[in-house]
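Before anything else, here's the structure in question.
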Amino acid sequence: MTTTTTGRSAAAGTTTGTTATSAAAGTTLRGRLTALGRAEVALLARNRTAVFVSLLMPAAMVLAMKSTLKQSVLDGTGLSVAAAALTGGIGIVLIQAVYMNLVSSYVARREDLVLKRLRTGEVTDREILVGTALPSVALALAQTAVIVVAGTAFFGLAAPQRPELLVAGLLLGVVLLAALAAATSAVTRTVQTSQLTTLPLFFISMMGSGLFVPLEIMPDPMASVCELLPVTGVMTLVRTGWLGGAEGSDLLVAALTGLAWTAFAVFAVQRRFRWDPRR
Amino acid sequence: MAPATSASSSAPTSVSASGAVIEAAGVRRRYAGGFEAVAGVSFSVARGELFALLGTNGAGKTSTVELLEGLARPDTGTVRVLGHDPFRERAAVRPRIGVMLQEGGFPSELTVTETVRMWAGCTSGARPTGEALELVGLGHRARVRVKQLSGGERRRLDLALALLGRPEVLFLDEPTTGLDAEGRRDTWELVRELRDGGTTVLLTTHYLEEAETLADRLAIMHRGRIVTAGTTAEVTAARPARIRFELPQGVPPARLPLGLRAAAEGHRIEIRTHRLQESLDELLTWARESGVRLLGLDARSASLEEAFLDIAQSASESEKVAA
């Protein structure tokens, strides 16, 4: 009992000595994001379900797609089964690792009052959202790299034709999906219900944005509607970046669609994001 | 005793003309549902002062403190911390204040050390992790996951984070709720050391003893308003002292000396008096002369508790009258 007290007082006493040296040290943006990101990495590593879903689901989906998609369906589109499956796989990675993962992270931190506590400190609101997203984004980019390397080495695909487009598409994709995740968290009550609230975008993207069903095999009117879906623009950039093909005007439409959805998502986050628990 | 803080005299002193470090003037806060949690609150806290906001649950303490912490902006009125608007000028205020929320959260899967390290990365001039934990007596729990901490240990961790940046101004929202008696005393001692070191402290509590032992000045809130404010002595000055005892069977309350204002409930007697010594003298003399034994005799001066209960009671009574 008394030992605790003496220990504390001693510690309190030593602090005066260190005050002068460290009082002026401010924090940097990089330092703050690193601190938040590092904590999120530890949390992600301890969340086995999330790791399992992030790592294995894309692989499983790519395999499922490869075995169900018939080459005859793709005749005339210029796509091989492997090309369709692997570029679709990048989209699945973005949806799984960034979007679905982050919705549950944001909701979990909010319900645990972590967001509220963080907001009393020096970090800005934007830094909290970005810092929380960093590990998921890094994981998604690493998985994408694995897919590209595997595609070129084992599945007979060419190296990315226009790497700058691939990178631009990926960057737009992670920003868009992180913003959509933050927006979705606002309408999600608990971590459990995030499995439901993330389903609409998951299915719409799977079916309509070329993740599972290539847009090339859709009837024209349907394809032109699907081009306006949130993830389609990103997918067009990614696919063209890897496989080449699309024209300048198509790419412009794709980029603008992606940017418009990103702007919409960011706007929604600014207006509707919830920092306090939904109780 | 060496101070636990730096509350540095070298820091820029950007305070208002009045010299107050914390200022609230005519502050109101209404929630989305229309409930007005803060209904016109004004007070100020000078540098190095420890100010306590007291009140029952739902009195508006936390709603008020959140405005000063910059978590929300008041609907009307102004708040200033270190001369700045804590909401709009968050970046200027935050590095110089420490906050302990009434209910703060930490990721449950992180260890105590990882939590402090994360926070340190986001705090200017952060103390070393070990030092911060020793300060609140959590050194031996450094490698434990947050989810395995007891409620009291969690409060200590929260306090460690609030103190991490050696803040000039400290906001403590019910810092000892959930602590055992020993933990409470440890926290009191630490807060006192910080205050002695020059830290300005705004504390909310519903433990009257806590406010009585720690606060230089205090305010009692009720239904969104400050009902009374001042030093403990000032707040209790107008209140009567109290004598309680039980009369033995066969001694009716009517036999008590006439000079005493007594309220009887069966054989239990309560006397309220502004002249405690004289009243006790009268009572004890009477008891000796009439050979009456006073059971469970208890006499005490006016305390904050009396003042507090009185205020809560009279406030709700006047509301009943008005309604």
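A Cβ is built for glycine as well, from the same backbone N, Cα and C atoms used for every other residue.
Any TrEMBL annotation is an automated prediction that lacks curation.
This is the feature table in TrEMBL:
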{"type": "REGION", "residues": "A:1-23", "note": "region 'Disordered'"}
{"type": "DOMAIN", "residues": "A:49-272", "note": "domain 'ABC transmembrane type-2'"}
{"type": "TRANSMEM", "residues": "A:50-69", "note": "transmembrane segment"}
{"type": "TRANSMEM", "residues": "A:81-107", "note": "transmembrane segment"}
{"type": "TRANSMEM", "residues": "A:128-159", "note": "transmembrane segment"}
{"type": "TRANSMEM", "residues": "A:165-184", "note": "transmembrane segment"}
{"type": "TRANSMEM", "residues": "A:196-215", "note": "transmembrane segment"}
{"type": "TRANSMEM", "residues": "A:251-269", "note": "transmembrane segment"}
Could you tell me whether the transmembrane segment (A:128-159) and the transmembrane segment (A:196-215) have 3+ CB pairs under 8 A, leaving out pairs under 6 positions apart?
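Touching, no - the transmembrane segment (A:196-215) and the transmembrane segment (A:128-159) miss the threshold of 3 or more Cβ pairs under 8 Å.
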What stretch in A:50-69, A:81-107, A:251-269 has the biggest tally of Cβ pairs under 8 Å against the transmembrane segment (A:128-159)?
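By the under-8 Å Cβ criterion, the transmembrane segment (A:128-159) pairs most with A:81-107.
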Near the transmembrane segment (A:50-69), which residues from the same chain, at least 6 beyond its ends, have a CB less than 8 A from one of its CBs?
44, 81-82, 84-86, 88-89, 92-93, 96-97, 100-101, 104, 136, 139, 143, 147, 212
